[in-house]
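For reference, the structure discussed in these notes is given below.
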Amino acid sequence: MDTKTVFSLIYFACLAVNITVVSGARSFSVDYKNNCFQKDGKPFQYVSGSIHYSRIPHYYWKDRLLKMYMAGLNAVQIYVPWNFHEEKRGVYNFSGDRDLENFLDLANQTGLLVILRPGPYICAEWEMGGLPAWLLQKPNIVLRSADTDYLEAVNTWMAVLLPKMRRWLYTNGGNIISVQVENEYGSYYTCDYNYMRHLRTLFQFFLGDDTVLFTTDGNTDREMTCGTLEGMYATIDFGTDVNISQAFSRQRRFEPRGPLVNSEFYTGWLDHWGDQHAQVDTQKVSRMLGEMLSMGASVNMYMFEGGTNFGYWNGADHDNRFRSVVTSYDYNAPLSEAGDPTEKLLAIRDTISKFRDIPVGPMPPATPKMAYGFVTLTMVGNLSSLLGTLSPQGPVRSQYPLSFEEMNQYYGFMLYRTKLPRDLPEDTPLISPLNGVHDRAYVSVCGVFQGLLERDTTLVMNLTGKQGDQVDVLVENMGRVNFGSKINDFKGLLSNLILGKDVLTDWQIYPLDIDGAIASGWPQSGQRRSLPDPVRGPSDGPVFYQGTLTTNGLAWDTFLRLNEWTKGQVWINGVNLGRYWPKRGPQQTLYIPGPLLSPTQPNNITVLELERAPPHTRVLFMDRPQLNSTSGKTSQTTDRQT
């Protein structure tokens, strides 16, 4: 987008912002004298819970919000993932599951105020912390800083988003009481006050000087120092493993007057593949919540419902190695991944009832679940034999590998193809010497699966073959880093692969639109497919399978278990459910919302198995989740914030 277009967008947004809105006497502010919030001239304490509209299908928003309201909450806290609304630069999507204003309206109808966290960076264990991957087309861009290219993109996005939000401010008759600027900025290495000043000015310009802007940072002096700025109220976040008085004393050093606020009180924690399933003690959560409320603090519980990382939206961490976040964002929260009330919710509701009136009436029940049983899948074909369908535009030829970002494909999979440069009668090492496989590479020779390379952990494998044999390297983007200094997370083959003494060159690179093909009805729409060989069984390596589920008139929530399958991706009726990896765990089932299913028509199941399917090729639809089986040995610690 050129500079003229950017300024035109901002100009028209300014016109929208400056339209006078009749607001009556509604007000929300920080009362520095009495150390509290003021709502309509009266002291106000919020009891809030985090919910991510991007992780919950829109047809369940009302159900989840009502359960939060009936639990005693008077507010919800929401992130706005930039990349969820602008996957491609300049193309904005605010419809369906992305209809943010519909979500705000439903919250308003339910009686819930909103604490808005529009970023531009959000963390949230979300792909690249909510930043669009197309920002990485500028290879040297310094994200979350006053970098010119970054700020130009931020300005353009905020000129689209914030004018939409202005009418929803509490003072304008809506339900947004406060707006967070950036997100835990003190944890980021740049510590760029000019960047934070720019955002403060931008938010005030679009939302007005009287809007309560705030920051949230972790419970350390360094984080609070770099993350706070005059003109934005400084809040803190911490979980059950922290001394409350000491944490709020730290907030007081940076914000001597005003309300005590814990913007992220952790009710649970996230899971990475290979971890044990995280759990946080219910009694600790309810006891500490009560202690904070008795001090007059406003508290937001992160999460109140986590939801699901559908598709490719999961994030990742990178401390000493790359660790991808699992598909389920259940978070051991008060509402389960499927939105069901838990014992933790009931304990929290009992605690809240000691401080404010709880709505009268029963808690809405769990959505009905169904165990539909086994479905046997049939093999469609090896991925590399289906490129006419999956990559209709054909390959890009390049002497050396190109990244996902250079190919303008930001998520999912790409296939790199070349030929063996010489005969390899004996095992010859294929090496990624610069750790350049981001994130997993599945290697085949002449269509026969040879093994894999994996970022940070498996940098060498062996190949054999003859000169001229076709080599296919399917690379999977496992989700970009969402926290810390390594969020400039490029994907694909980022450096050369070396085979013995040879650098592999002369690549054909296929961008793969797997989701587009499946959304259009493939492979069930009459495309050629083969049945499994009864002797040979399923093929190893990246292979597609398909089948159908009949629900016999009941389209209820269900959970898909792929027992003895290895790793891959699943689609139901064209919708990408996310990744499965039962071999590594802990997650064993994928959540399927009932409204995705047809009660009367066959439901199409498509599976991309990346390594090896079981001989039986069966999948199981269950009436309950299984999130806690693991082959990993990593213990859960809350060693960073979200």
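Numbers run from 1 along the shown chain.
The backbone N, Cα and C atoms fix where each Cβ goes, glycine too.
For reference, TrEMBL has these:
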- GLU184: active site, proton donor (ACT_SITE)
- GLU264: active site, nucleophile (ACT_SITE)
- 37-354: domain 'Glycoside hydrolase 35 catalytic' (DOMAIN)
- 401-513: domain 'Beta-galactosidase 1-like first all-beta' (DOMAIN)
- 542-600: domain 'Beta-galactosidase galactose-binding' (DOMAIN)
- 1-24: signal peptide (SIGNAL)
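For GLU184 (active site, proton donor) paired with GLU264 (active site, nucleophile), the C-alpha to C-alpha distance reads 11 Å. Using a 10 Å Cβ-Cβ cutoff, GLU184 (active site, proton donor) registers 25 neighbours. Its own atom aside, the Cβ of the residue listed as 'active site, nucleophile' has 25 Cβ atoms within 10 angstroms in the protein chains shown.
Per-residue pLDDT, averaged over the domain 'Glycoside hydrolase 35 catalytic' (37-354), rounds to 98.
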